Amino acid sequence: MEIQGNRKKTVSVVGGGLVGSLNACFFAKKGFQVELYEAREDIRYARMVSGRSINLALSHRGLQALKAVGLDEKIAAMGIPMRARMIHSVKGRKSSIPYGKQHQYILSVDRANLNKELLSAAEKYSNVTMHFEHKLRDCNVDSGTMTFLNNMENIIEKKADLIVGCDGAFSVVRKQFMRKSRFNYSHVYIPHGYKELTIPPRKGEFAMEPNYLHIWPRNTFMMIALPNLDKSFTCTLFMPFEDFEKLTTGDQVLDFFKTYFPDSIELIGEKKLTEDFFLLPPQAMISVKCSSFCIDHKCVIMGDAAHAVVPFYGQGMNAGFEDCLVFSELMEQYQNNLRICLHEFSRLRVPDAHAISDLAMYNYKEMRAHVNSKWFIFRKQVDNILNAIMPTTFIPLYTMVTFSRIRYHEVILRWKWQKKIINVGLFTVGTTGSVGAAYLVIKYLPFNKYIEHVGNCLTHLKGNAYLSRLWAK
């Protein structure tokens, strides 16, 4: 516990979303006086919950953070295990691609229900006070003062020893960082938006296999579906905005789905599909990078406020939860010395945040296009074989990201090294096979047949896209 004079130090957590409410638990457990401020009303009692609703994929990093505050088992019970991707072709064929080994899976969890549980967990600490409908207007990180506007339109001034900004991709706390010199910031809106649809239960049961993340990859766009506890599926259609703009009538939507997702129409229902498709406009997705994550020992940002990422690796929440865990581990290592912990946290997490942002962008290309290719399936099999033979040396990319706590930037370094080794190995095997075949041809074929065979081989090799890429390098 951190003491200043004869009082506990006060930590103000701005943002009562997933990362903010979990952070409140971490700081409260360490004995700090925690004040949590949330701009929205308390979602546990709200009639309608606004905001993002993309289903979340909870994996190892997030579970480890929850375990540190004793919430992992309770939250895991709220999720549905997904052990593999289920790929849906245009013709309706289905094929599965396991995420990892048989015991490895990710959990489909509902964002709102998870947020409610985390708020309730934080509220149980006697040293946590929650303030809902308190919108941060301004803060002075040098003095630790904050200005809020409450639901009565009253201006409220508050002060804290440490301000923790967990207020999302459009963080007000982060804006204060931008007033400082040597603060780097960039954001990108990707050209794709998303719409959400629902596959209802069929006769009280799941309409599709429940323990999969279902994917309809269509190269430039895709649809996914995650299972819910009520036996429904939440579908998300990711597509370029200009393609959404072409679909203006129910008939156009039906024609589009009949062309690209024909097997989903019966699952969703024609009437429900044409109604739900136009409930909301397509939503945008933003990726945020910045550095540093702290100002002196007075303020730190975490979660989307520090590193909003696109949702295609399922790591946004997990990375945010890992922020909380890493900071807690640093507090233990440095005996709650905020001056050391904040700067060390920023030093460690900035490269990892940038790395998972890049990986999320890469995985969108993989999910919507690469999973269709036989080469992708072959490489997955090669990765799995090498991992079985050398489990500590060769670890598949997805396994490193999702089922370990290897730092994200180290994941990329290891992945690039592994790719290089595998490519060299495959090239060597291919070359050895070609040389062996050539030897047999020379030894046993007549000369004129040999010349004809060599010509055919050269024609084949020139058309081999993979070998051409290797030679180009």
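Yeah, the Cβs are placed from backbone N, Cα and C, and that goes for glycine too.
Its Cβ taken as reference, ARG111 (FAD binding site) is surrounded by 19 other Cβ atoms within 10 Å in the chains shown. DSSP gives ARG111 (FAD binding site) a helix state. Sequence annotations record features per position, and here Swiss-Prot assigns FAD binding site to VAL19, TYR37, GLU38, ALA39, ARG40, ALA57, ARG111, LEU136, ASP304, MET317, ASN318 based on similarity to another entry.
Reduced to three states, the DSSP call for ARG85 (L-kynurenine binding site) is strand. For ARG85, TYR99, ASN363, TYR398, the entry in Swiss-Prot reads L-kynurenine binding site.
Residues 59-60, 99-100, 104, 106, 313-315, 356, 359, 411, 414-415, 418, 422 of the same chain lie 6 or more positions beyond the ends of the transmembrane segment (385-404) yet place their CB under 8 Å from a CB of it. Feature annotation from Swiss-Prot assigns transmembrane segment to 385-404 (among others); the stated evidence is sequence analysis.
The annotation transmembrane segment is assigned in Swiss-Prot to 425-445 (among others).
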Can you name every residue in this chain, apart from ARG85, TYR99, ASN363, TYR398, with its Cβ inside 8 Å of the center of the Cβ atoms of the recorded L-kynurenine site?
ILE97, LEU213, GLU366, MET367, THR402
Going by C-alpha distance, which of the binding-site residues GLU38, ARG40, ARG111, ASN318 is nearest to TYR99 (L-kynurenine binding site)?
ASN318
Report the same-chain neighbours of GLU38 (FAD binding site): residues 6+ apart in sequence with Cβ closer than 8 Å to its Cβ, ordered by sequence.
GLY15, GLY16, GLY17, GLY20, MET130, HIS131, PHE132, GLU133, HIS134
Using C-alpha atoms, which one of the binding-site residues ARG85, ASN363, TYR398 comes nearest to ARG40 (FAD binding site)?
ASN363
Cα-nearest neighbour of ASN363 (L-kynurenine binding site) within the listed binding-site residues, VAL19, ARG111, ASP304, ASN318
ASN318
Over all shown protein chains, what is the count of other CB atoms within 10 A of the CB belonging to ASP304 (FAD binding site)?
26
